[in-house]
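Questions regarding the structure given below will be posed in turn.
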Amino acid sequence: MAHILKTLNSWFWWENIWMPINCTWADFVDRDGLVFPKPQQLYATIPYAFVLLIIRFFTERYIAIPLAKALGIKNVRRVKPQPNPVLESYFRECSRHPSQSEIQGLAKKCNCTVHLVEKWFRRRRNLEIPTVLRKFQEAFWRFSFYFTSSIAGFIFLHDTLLPSQYWYYMAEISFYWSLLFTLGIDTKRKDFLAHVVHHFAAIGLMSCSWCGNYVRVGTLVMFVHDTADFWLEAAKMFNYARWEKTCNLLFFIFSVAFFITRIILFPFWILRATLYQPTFYSTTPVIAYFLFNGQLLILQGLHLYWGYLIFKILKRFIFLKDLKDDRSDEEEEDSVTDNEEESTNGNKNGCGSGKHLLNSSHH
């Protein structure tokens with residue numbers, strides 16, 4: 001087994017994959033005061049990711065929540081439906097949005113009114129949607145990181161020393177690892193799969209650029225991304241706080257920053273440099289050339305996809321004055337209280353009381 005792993009390791013680090021002609025790994029050994037990136041340093045990104053998760057926990061609890069309250073965001077507790085095995089099984093295995101005929105069948109099966117079954121599904125769906133306060137916490141954490149990393153990236157672009165680049169890389173890679181670790185509990189949106197692809201592509205791209213000593217271009221890629229993202233997270237926070245004018249202004253700034261950095265600068269400067277300039281120095285590109293540029297092209301494809309979504313939102317805002325994010329589900333409102341349902345429906349069809357299906361306790 002050890003021999004197999006050693007063979008695979010030698011294949012992976014084969015110089016013909018990573019290095020141009022007349023260049024070997026020996027050229028990247030520390031010497032004469034020069035320090036080069038080392039692949040084994042990337043192992044530290046996993047424990048660093050857990051450190052970021054700890055920082056995120058305290059940031060969201062002790063900074064984001066008080067700030068949300070100051071902005072008028074309340075921690076609304078949702079009404080939790082009474083446990084019902086039949087409806088719960090249907091909700092999980094069949095549909096979260098049953099048709100009217102299916103609701104009627106479920107009502108007969110549970111010996112309850114159609115309205116109670118509708119209300120049970122409405123409340124059950126609401127439990128799957130994060131509260132506004134929870135969304136605000138996530139947006140605040142992302143804003144804090146992107147804003148800090150943007151400032152750090154701007155400083156490190158003028159610093160060619162490896163220690164600063166090291167911490168910039170470690171922080172960025174660790175952050176995306178932490179986002180992958182929390183995918184199951186963070187707010188899920190309709191572009192969930194695109195985010196998964198983006199996170200893996202970002203981690204792979206940053207890791208490979210570190211191993212191949214393409215640190216300068218890697219720093220540029222990270223900086224270009226972060227400088228637009230914190231505007232979006234700021235717009236989200238004020239949207240959750242219902243500061244409409246502030247939200248609209250921030251989203252407009254984000255849109256301008258996004259199109260400049262990711263639709264203009266990224267493809268026409270960075271991609272141009274990585275796709276065409278290497279051919280000036282070698283007529284036989286190495287495998288790493290296709291590996292790096294393939295991941296960069298994946299990112300650009302995601303940029304175009306998100307740019308299309310942003311354009312749709314801007315178009316709707318300009319013509320309809322509606323700045324709504326289509327990627328998120330919205331909470332459905334309850335029409336009447338449990339007591340009202342109990343009094344109007346309890347004696348009508350043998351449901352007994354609404355307590356068997358719905359509960360006025362809060363989640």
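The backbone N, Cα and C atoms fix where each Cβ goes, and this holds for glycine too.
On a predicted model such as this, the values are computed, not experimentally measured, just so you know.
If you look up TrEMBL, you'll see 89-126 marked as DNA-binding region. Taken from TrEMBL, the feature compositional bias 'Acidic residues' covers 328-343. The domain 'Homeobox' feature in TrEMBL is assigned to 87-125. The domain 'TLC' annotation in TrEMBL covers 119-319. Summarising the annotation, TrEMBL assigns region 'Disordered' to 328-363. Annotation comment: TrEMBL describes 42-59, 143-161, 167-185, 249-270, 290-311 as transmembrane segment.
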Over the span of the DNA-binding region (89-126), how high is the average pLDDT in this prediction?
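So the average pLDDT across the DNA-binding region (89-126) works out to 87.
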Please give the sequence-distant neighbours of the transmembrane segment (249-270): residues at least 6 beyond its ends with Cβ less than 8 Å from one of its Cβ atoms.
217, 220-221, 224-225, 227-228, 231-232, 234-235, 238-239, 296, 299-300, 303-304, 306-307, 310, 313-314, 317, 323
Same chain, outside the transmembrane segment (167-185) by at least 6, Cβ under 8 Å from its Cβ: which residues?
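Residues packing against the transmembrane segment (167-185) from afar: 37, 41-42, 44-46, 48-53, 56, 145, 149, 152-153, 156, 192, 195-196, 199-200, 202-203, 206-207, 210, 215, 218-219, 222.
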